[in-house]
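These notes concern the structure reproduced below.
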2 protein chains.
Amino acid sequence: MSQKTYHVAVVGATGAVGQQMLNTLKEKNFPVGKLSLLASKRSAGQVIAYNGENYTIQEAAPEAFEGVDLALFSAGGSVSKELAHEAVKRGAIVVDNTSAFRMDPNVPLVVPEVNEHDLKNHNGIIANPNCSTIQMVVALKPLHEKYGLKKVIVSTYQAVSGAGAKAVQELKEQTQSILKDEAFEPSIMPCASDKKHYQIAFNAVPQIDKFQDNGYTFEELKMMNETKKIMHLENLEIAATCVRLPVETGHSESVYAEFEKGTPSVQDIKELLKTAEGVTLQDVPEEQIYPMPALAAGLPDVFVGRIRKDLDRENAIHMWVVSDNLLKGAAYNSVQIAESLIKLGLL
Amino acid sequence: MSQKTYHVAVVGATGAVGQQMLNTLKEKNFPVGKLSLLASKRSAGQVIAYNGENYTIQEAAPEAFEGVDLALFSAGGSVSKELAHEAVKRGAIVVDNTSAFRMDPNVPLVVPEVNEHDLKNHNGIIANPNCSTIQMVVALKPLHEKYGLKKVIVSTYQAVSGAGAKAVQELKEQTQSILKDEAFEPSIMPCASDKKHYQIAFNAVPQIDKFQDNGYTFEELKMMNETKKIMHLENLEIAATCVRLPVETGHSESVYAEFEKGTPSVQDIKELLKTAEGVTLQDVPEEQIYPMPALAAGLPDVFVGRIRKDLDRENAIHMWVVSDNLLKGAAYNSVQIAESLIKLGLL
């Protein structure tokens, strides 16, 4: 019996997330019939191998989407704004990994473990949430279902690969310079398009993306607003502080959560997370077992540990949530969305 | 006019904090008359320079405290438990930088900017708080005075030098191994005396000190209990999550604070911190000015920035607090305590 296959386009195929998209399509055995690898004019002509075959990168342009069924975009917000509608116009469904359409009320923002059903309301474009949002909502969803989420305070510990391959290179070169006591000139972190650049090696930088008028960074507001949209919790109290670390891959989050109903014990929370979709519980303090980015990199799961009762409020807990920002935080979730579209008969 | 001088003993003189104690005594022009440098038997006989003179390390033993006026201890909790009372018996006042006596109700736990007056109740020993506690209470004190602190949630980003000089060496060597793609064997971090050791380079490790029965680490409970004691706020709601980072020196903290009275604006908070003792405000988001450990290392101040209103609760704010964990977090605060003792006529 032959399975239906799809013409898939990966936009931004040469980037860090684009590469992980290709890996994930292959590892998940996604039914790729035809594959179009698109990128900027600069990268056009490069050859990339996928599943034993060589593909030549084409320039991402409207006509490149002719005949495409599924377009996975991860080439920056401006490319998505320019080309996503062109792809849809030509019959493709777009899964967009940028922030271009995330808060558009006509665009579902989807983490399959949390709100797969929202895919039914798509108008051609589905947005993939921000990396730091995805891993948090996967961990919060089962707790919310049983106890009703009231308030969340999150502080993040984010990896450099979230800022792209050049940022990773800067981290490595700068680290080497510091170890050798040589001079260096930061040019990318914390935010390539912002005015000032700071040392990231052996440092902690409390800026991810640009500052907004209320003093929050765009990354922080993304986490706050996207969580409300994905979880359908308009009145959720939520605040984020986002910090970049000298970690290559794997975001970590210190999460405080207050509930509306019930006073769950640590054991109650563990029971819920043990069976939660997409979650792997790593929480045995007496054996020093807890999640860490160095262990999570390369794996698709959301790892949760350090679960503790708040000692003052019976209805509140603390936990530590870690995931590979390029996988569940980006590529893996995008491909999962595509799988859900097939499962729901939408692709 | 000749100033009164004191016979000062530094216990743990060869350690990372001990070295900073000597630097701080010199930089602050502390009136050192005679100086005794004490350490373990292993280090005895080593020669250390202070203020242009050479001093031979003596073994820390009871009789070494004869004639000592002020003993600054920083050689681990067991040394303090063994020798602090011996020093007091011989007429010394002890400022102890370990956790040995911090929660003893007969021992004042002091951050001069916050509770200098508690020194008056000393019985020979004064405890210097945990590094991560000190910088937080310095920032919270002026806010508490005006608005009444109700609840604090803190997530820390702590530097490796807090675990000693060998931990710093492990960070550097491991970082080099990873950059060269060579094998390495963690042997110190996250906690030298615990069973398992993990990679610290390019990682974030949510364990500092050992786990306690309630799932919190000892470091987290230190922050929670010490803050209540220093601020005289037995009923303060406070929770900490403590995380070790690949940063050499400088602890950072993401702090959420809820107040009992008033709804301060960002400007109100800035005005208070601008003139607060020991605090340097670094908070101009539009110019990307905020505190970072790479900027704070080597300086005695507590740096505060990223001040934001909580968007859900009018009586709550978020801020980012950074300080050198070896200076204000340890050596500098110890010497400040000694200066306060002189000022109050207690030494």
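Glycine is treated like the rest: Cβ placed from N, Cα and C.
Keep in mind that TrEMBL annotations are predicted by a computer and have not been checked by a curator.
Worth saying up front: this structure is predicted, and the values here are computed from it rather than measured.
Per TrEMBL, active site, acyl-thioester intermediate is recorded for A:C131. DSSP assigns A:C131 (active site, acyl-thioester intermediate) to a helix in the three-state reduction. When Cβ atoms from all protein chains are considered, those within 10 Å of A:C131 (active site, acyl-thioester intermediate) total 28, not counting its own.
The number of other CB atoms found within 10 A of the CB of A:H251 (active site, proton acceptor), across every protein chain shown, is 30. Marked as active site, proton acceptor by TrEMBL: A:H251.
What TrEMBL lists as NADP(+) binding site is A:T14, A:G15, A:A16, A:V17, A:R42, A:S43, A:S161, A:G162, A:N325. Annotation note: A:S161 (NADP(+) binding site) sits in a helical segment as assigned by DSSP. Here A:S161 (NADP(+) binding site) comes close to A:A16, A:A167, A:V168, A:E248, A:T249, A:N325, A:L326: these same-chain residues lie at least six apart in sequence, with C-beta atoms under 8 angstroms from its C-beta.
The phosphate binding site feature in TrEMBL is assigned to A:R102. A 10 Å cutoff on Cβ-Cβ distances gives A:R102 (phosphate binding site) a total of 22 other Cβ atoms nearby, all chains included.
Residues annotated as substrate binding site in TrEMBL: A:Q158, A:R244. Classification of A:R244 (substrate binding site) by DSSP places it within a strand.
Sorting each residue of the domain 'Semialdehyde dehydrogenase NAD-binding' (A:7-122) by its DSSP state yields 42 helix, 32 strand, 42 coil. Positions annotated as domain 'Semialdehyde dehydrogenase NAD-binding' by TrEMBL: A:7-122.
Whole-number maximum of the Cα to Cα distances across the NADP(+)-binding residues A:T14, A:G15, A:A16, A:V17, A:R42, A:S43, A:S161, A:G162, A:N325: 26 angstrom. A Cα-Cα distance of 4 Å separates A:Q158 (substrate binding site) from A:H251 (active site, proton acceptor). Among the recorded positions A:T14, A:R42, A:C131, A:R244, the ones whose Cα sits within 10 Å of the Cα of A:H251 (active site, proton acceptor) are A:C131, A:R244. Averaged across the domain 'Semialdehyde dehydrogenase NAD-binding' (A:7-122), pLDDT for the predicted model comes to 96. Neighbour counts of Cβ atoms within 10 Å were compared across the binding-site residues A:T14, A:Q158, A:N325; the minimum falls on A:T14. Distance between Cα atoms for A:R42 (NADP(+) binding site) and A:C131 (active site, acyl-thioester intermediate): 27 Å, as a whole number.
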